[in-house]
């Protein structure tokens, strides 16, 4: 769907529709809406339960509340706009709105990655240095980590929309997804995007890449400590406290890596693959995180059942 070759000061973009199913998009949006409602309900339930249950007022569950808030913000920044497109046909998104959505997606993802790293460190200290856990991870330290995660995400990813602001967009402005991502918008510019490419890759490696390496290192140290325990039953009991966090890490990083691979090597893939991977990246962590911790935490189960 090409636009005129003359760039304007405030270009707009066209969100990607489901190829071959444009007439049925209203029906295709129902599963997406259902997943969004489930994500909002589950994460709000986690926030309410942790707030109401004194036994959950601990760093691990404060971090879980941060994850729930991030997932709510990330889903709300994208899914309502996608639904308005699918149901009401408003496929055009303004340049400013696109940059804002792009900034929120990347920043919130960076904050979530930092919080997941903090949860891994919490598990490491609790298992390898249990006597120091209460002194190291206090409520004040948890709050400082949350503020640091927000500052880190904003500082690293604020330059992304700023680098795109001066670029001209003079060719096709049809996006690969139903929302705005940096790689997607950058590829539509008809100018040299090397600074944007270099900075975007550097930011991803220094935030998500570094966090993934440190999370793996934390679990290597945890495994080393667990294997020093004498009884297998004791080993399983100790390591079972990490299972929920491992599942949440996989739910975040697997879609992130899959979306990155699709953008890097999937130029010849069907457009439907890009749309599906994008929706998975946005919604899977938001839907799965409260379910995972709801299944693994008896206090959350009891409180939700009582509600």
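Glycine is no exception: its Cβ is also placed from the backbone N, Cα and C atoms.
Whatever TrEMBL says is automated annotation, not expert-curated.
As recorded in TrEMBL, the features of this protein are as follows:
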DOMAIN    42-293  domain 'G-protein coupled receptors family 1 profile'
TRANSMEM  26-49  transmembrane segment
TRANSMEM  61-87  transmembrane segment
TRANSMEM  93-121  transmembrane segment
TRANSMEM  133-158  transmembrane segment
TRANSMEM  197-222  transmembrane segment
TRANSMEM  243-266  transmembrane segment
TRANSMEM  272-295  transmembrane segment
Quick check for me: are there 3+ Cβ pairs below 8 Å between the transmembrane segment (61-87) and the transmembrane segment (133-158), leaving out pairs under 6 residues apart?
yes
So what pLDDT does the domain 'G-protein coupled receptors family 1 profile' (42-293) average out to?
90
